[in-house]
């Protein structure tokens, strides 16, 4: 999970079954007419997830925080003083980690997040409650940040339909929009990290990123559930 050298900025990390995990399994009983079987399974998995327990212990907004921690431990993306834009920020886990590592404060914010869902305030983070797909969103993000970002991160995913190919295509579209934005605003040498789903239709996106960045590859951090089709695309060293 972590590369040699350990944590950045004092951020805590956790592995599968790490501190706070337990062999005691929580079982969610189904009462007739009260909960769907699929919902019961999701709730039981959530309640028994060691990352969920650890996120509560460490004070993180969500288990997704560990995905960014683990990716950063491996690739050293986040550094003190950087400017960061977080797309699809709710509930705030990635913005929270980014602000802590880069040293963002309310007086001198270096992290701007955007989501159409409400995100409770976070220290050192400017939060925009609007849809990133709105025409005005890109300029509002840049105005709030006040400078070109060193890193654009996106954990956006379209609401799932249950149809794997449809879900993949909708999320790839969000990736493409996020990539276009990152390419238009990043500093030379900057990085772009975005969620995608396994599905094999992102060839055009990969070709674009390989043209604009010096290194592009897929990443699946340990905090991403093994059974999930979720992957991350990491594009490093923007050519400008």
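The count begins at 1 with the first shown residue.
Placed from the backbone N, Cα and C atoms, the Cβ positions cover glycine too.
Here is what Swiss-Prot says about this protein:
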- 1-27: region 'Disordered' (REGION)
- 1-20: compositional bias 'Gly residues' (COMPBIAS)
- 92, 94, 115, 131, 155: S-adenosyl-L-methionine binding site (BINDING)
- 195: active site, proton acceptor (ACT_SITE)
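Here the features listed in Swiss-Prot are placed on the structure.
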{"residue": "92", "record": "S-adenosyl-L-methionine binding site", "contacts (Cβ under 8 Å, 6+ apart)": "61, 62, 113, 119, 120, 122, 125, 127"}
{"residue": "94", "record": "S-adenosyl-L-methionine binding site", "contacts (Cβ under 8 Å, 6+ apart)": "64, 65, 68, 86, 113, 153, 155"}
{"residue": "115", "record": "S-adenosyl-L-methionine binding site", "contacts (Cβ under 8 Å, 6+ apart)": "88, 89, 90, 127, 128, 129, 132"}
{"residue": "131", "record": "S-adenosyl-L-methionine binding site", "contacts (Cβ under 8 Å, 6+ apart)": "116, 137"}
{"residue": "195", "record": "active site, proton acceptor", "contacts (Cβ under 8 Å, 6+ apart)": "88, 154, 155, 156, 157, 171, 175, 230, 231, 232, 233"}
Cβ contacts within 10 Å for residue 155 (S-adenosyl-L-methionine binding site), all chains included, total 23
Can you see whether DSSP assigns the residue listed as 'active site, proton acceptor' to helix, strand or coil?
strand
Taking every pair from 92, 94, 115, 131, 155, which the record gives as binding S-adenosyl-L-methionine, the longest CA to CA distance in angstrom is 17
With H, G and I counted as helix, E and B as strand and the rest as coil, say where DSSP puts residue 115 (S-adenosyl-L-methionine binding site).
strand
Tell me, by DSSP, whether residue 94 (S-adenosyl-L-methionine binding site) is helix, strand or coil?
helix
